Structure formats: C-alpha cells, structure tokens
Amino acid sequence: MKNVAVILAGGTGKRMGAYLPKQFLKIAGKSIIEHSIAIFEKHTGISEICVVIHSNFVADVERIVKEAGFSKVRKILCGGKERSDSSLAAISAYEKELNVNLIFHDAVRPFVNQGIIDDVVSCLAEGKSVAVAIPSTDTIFRLNDVKCIESVPPRDYLYRAQTPQAFSCETIKKAYHLALKDPNFKASDDCGVVLKYLPKEPIHIVEGDEKNIKITFEQDLAKGENLIDL
Ligand SMILES: Nc1ccn([C@@H]2O[C@H](COP(=O)(O)OP(=O)(O)OP(=O)(O)O)[C@@H](O)[C@H]2O)c(=O)n1
Ligand SMILES: C[C@](O)(CO)[C@H](O)COP(=O)(O)O
C-alpha cells in the first residue's frame, strides 16, 4: 500500500486573525506548514505528500517545497470552503489509484512526531482506520440547549482528537460519497464522516501527544515557540 500524507492547509485562519493564513506564520524562523511537511518528508513509511491549499497560496507552497527540497510532495491541490471540502479534494485526486492509504493531517499541527506516525502507519498496515487522540484530563460537561449541564460522561471514554486521521482511500471515499448525498452534511474532522456514514467501520485510536497542539489562536504561537525548545 502507498501511504500518502495529506497536509490540509486550505483554511484562512479566521480565529488567528493574522495578515496571512496561520500556516504561513513562523515558529522558530520556519513557517508552520514547512514544519508539518518536514515531519512527514522524514518518515520512511510515507511514500508521498499531497498539500491542499487555498488557490491564492499555491505559489507560496510551491516556493516552500522548492526551497526546503521536499522530494515527496507530488501534488498541490486547491481546497474548498470547509475542511471537509479540502479533504474531498485529496480523495478525488487519489480515488482512481489502487492500494492507497490517505493520512490526513492539519497543517497547523507542526509538532506531530515520528512515533505517532509510526503507530498510524502500523495500524494502516493491518488494514485499520485510525485516529490520533489523547485521554481527556479534564472532566467534560455535555450541555443542554440553555447551557446548563445535561450530563457528565465518564472520563475513561473521553479522548481529545488530534491528527493524523488515516484510512484506506477506498474507505474514506465511500464515507464521503454517502455524506455528499446528505443535505445536512457537516463535519469538523474526517473520523466524524466515517463514523456517521460507515458506522460499522471501527476507527482505532493511537495515543497522541500533549505537544501535538493545533495552532488556532494568537497565544498558540508563543506556546509553539516554547515547544520547539523542548
Ligand atoms: N477549508 C478548509 C479549512 C481548514 N483546513 C485546514 O484544516 C486544518 C484545521 O483547521 P482550523 O484550525 O480550523 O484552520 P482554519 O480553518 O484556517 O482556522 P479558522 O477556523 O480559525 O478559520 C488547518 O490546517 C486548515 O488549514 C482546510 O484545509 N480547508
Ligand atoms: C481535526 C481536528 O484538528 C481534531 O481536533 C479538529 O476537529 C479541527 O477542527 P477545526 O474547527 O477545523 O479547528
């Protein structure tokens, strides 16, 4: 099987509110997207990298790839309005190939590590769908419509989702095919799409890392600078 890392970088970073999409902001002198691509470039289990980006920033990604000498980046695709549209762009680009696994990773999680990718690749080799997550250390409240506590789910079953999230191209293609027929389709990640539309497909968890943060708000840039030094 060919393992393709799909670097999802098609967002505009509204919550960051910077002059550029946050994936182009720098941590330790290097753009966030470059950090993320570099980690997959280095992993021997990754055959190929596909970057999904807003059409206005294709040239910027081409420049980064060229200057960093990333040899595994074979496709730079235009994403869509929602994260799921960007995932779909990658699925469409690979759906005709046989024996492909797609490993979706947020470009704005630049601290994913080789151990996490090892575990994801091992699960894929066993034919499993897989997500990265960490046990919740906080108690989580589920609220009702008037924002009062409705339930306190047992914490043993609560994990915080990170990326990568990985599936055979066949599996994720089937899930999105069904999702696209649903007029109410909405998803914040790819596991949600598989869970809703292919409920019989188990999604295994590999343990993530507290450092595998998503750069979302301005204060996350400072956190990122500190993580680089660790
Ligand atoms: N249409 C979109 C939206 C998001 N993403 C990517 O999905 C990852 C996680 O999304 P998020 O942190 O929400 O990024 P943004 O959508 O850019 O942020 P915001 O919601 O604040 O606008 C990011 O790497 C982002 O670039 C994408 O590829 N295509
Ligand atoms: C995929 C994800 O990073 C898992 O935590 C998250 O769901 C992305 O959500 P966002 O709303 O696009 O930040």
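For all residues, glycine too, the Cβ spot is worked out from N, Cα and C.
With a cut-off of 8 Å between CB atoms and residues at least 6 apart in sequence, the same chain places THR216, PHE217 near ARG15 (site 'Transition state stabilizer'), listed in sequence order. ARG15 (site 'Transition state stabilizer') falls outside any helix or strand according to DSSP and counts as coil. Among the features that TrEMBL reports, site 'Transition state stabilizer' is placed at ARG15 (among others).
Of all Cβ atoms in the shown protein chains, 26 besides its own fall within 10 Å of the Cβ of LYS22 (site 'Transition state stabilizer'). Annotation source TrEMBL lists site 'Transition state stabilizer' at LYS22 (among others).
Residues annotated as site 'Positions MEP for the nucleophilic attack' in TrEMBL: ARG155 (among others). ARG155 (site 'Positions MEP for the nucleophilic attack') is surrounded by 13 other CB atoms, counting those within 10 A of its CB over all protein chains shown.
Within 10 Å of the C-beta of LYS214 (site 'Positions MEP for the nucleophilic attack') there are 16 other C-beta atoms, taking all protein chains into account. In the three-state DSSP scheme, LYS214 (site 'Positions MEP for the nucleophilic attack') is classed as coil. Taken from TrEMBL, the feature site 'Positions MEP for the nucleophilic attack' applies to LYS214 (among others).
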Quick note, LYS214 (site 'Positions MEP for the nucleophilic attack') and LYS22 (site 'Transition state stabilizer'): C-alpha atoms separated, nearest Å, by 11
What's the CA to CA span in angstrom from LYS22 (site 'Transition state stabilizer') over to ARG155 (site 'Positions MEP for the nucleophilic attack')?
32
Where the C-beta lies under 6 angstroms from ligand 2, the matching recorded sites among ARG15, LYS22, ARG155, LYS214
LYS214
